[in-house]
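Engineer: Before I ask anything, here is the structure I am working with.
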Amino acid sequence: MLKSTDLKNESEMSRVKVLSEALPYIQKFTGRKIVVKYGGAAMRDSNVKDQVMRDIVLLSCVGIRPIVVHGGGPEINSWLGKLGIEPQFKDGLRVTDASTMEVVEMVLVGKVNKEIVSLINQAGGCAVGLCGKDASLIQARPEGIEGIGFVGEVSNVKIDILQSLVDNGYIPVVSSVATDEQGQAYNLNADTVAGEIAAAMEAEKLILLTDTAGILEDYHNPDSLIVKLDIQEARELIEKGIVSGGMIPKVNCCVRSLAQGVRAAHILDGRVPHVLLQEILTDTGVGSMIVA
């Protein structure tokens, strides 16, 4: 006869087993920096959002040093609509004129960033919100594409403020807005910002949370997930058109960060519950991992 106490004991043993399996990974990554680009459905679904924040806090509590980088495209579109500004895109990039740039900065720095900071702190962490302007963290330059306005790319990363924060147990949360040498604000791709910060901070891992299982050989077949590949294989997938559309800048930023010393880059499905913990603290791992 199976009693309820037996089920309870089995459940408790299962939890203990999970914790035991996590131990070698906690030991391996304690003190190491991991940069997480937070975006996609993980930002839109309140349940997933809470899980991601709690997972980030857990990683911090076991001695791993997470740095969060975020965008906020849907939120920007929503506020542009409220203000009667029609969102415009060119070759997948947001056309960012002066009025749009004001909204981008207001939403990313003043709203989305502070919401993430608040959620992490509510979950028991100690987060500090930043943008590229703070302590000259990121210097931007124009993207160089005609007709897209104040869309920029990363020119330089000055890590002093991030290093100070992580060394003292804080969780930095960085929004993808920065200025050039003249003080002009630019809208930056959050994936690219995450990759450049990971490289500058000599991070152990760069993790991009997306709305897909990872890199797929066949976009229409989730079972065609490529679990592990190296830089050369990643470049070949782009050349062959297997990696296309919005996945190209994600793979490119992973490749660039690896070339600058990041140990591993991961593209994960942010919709999967506790995907960060599965990737970092278990034997199985999830999503696609790119290595040098």
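Any Cβ shown, glycine's included, is placed from N, Cα and C.
As the structure is a computational prediction, the values presented were derived from the model and not from experiment.
In case it helps, Swiss-Prot gives these features for our protein:
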type	residues	note
BINDING	Gly72, Gly73, Arg94, Asn187	substrate binding site
SITE	Lys37	site 'Transition state stabilizer'
SITE	Lys250	site 'Transition state stabilizer'
Engineer: Other than Gly72, Gly73, Arg94, Asn187, which residues of the chain come within 8 Å of the substrate site, judged by Cβ distance to the Cβ centroid of those residues?
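Structural biologist: Leaving out the recorded residues gives Gly71, Ile76, Val104, Leu108, Ser176, Ala190.
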Engineer: Identify, in sequence order, the residues in the chain of Gly72 (substrate binding site) that are 6 or more apart from it along the sequence and have a CB within less than 8 Å of its CB; answer 'none' if there are none.
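Structural biologist: Expected: Gly39, Met43, Val107, Leu108, Lys111, Val112, Ser175.
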Engineer: Fewest other C-beta atoms within 10 angstroms of its own C-beta: which of the recorded positions Lys37, Arg94 fits that?
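Structural biologist: Least crowded of the recorded positions Lys37, Arg94, by Cβ count within 10 Å, is Arg94.
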Engineer: Judged by the number of other CB atoms within 10 angstroms, which among Gly73, Asn187, Lys250 is the least packed of the recorded positions?
Structural biologist: Gly73
Engineer: How far apart, in Å, are the two Cα atoms that lie farthest from each other among Gly72, Gly73, Arg94, Asn187, the residues recorded as binding substrate?
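Structural biologist: Maximum Cα-Cα distance: 12 Å.
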Engineer: Between C-alpha atoms, which of these recorded positions comes nearest to Lys250 (site 'Transition state stabilizer'): Lys37, Gly73, Asn187?
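Structural biologist: Sorting the recorded positions by distance from Lys250 (site 'Transition state stabilizer'), the top entry is Lys37.
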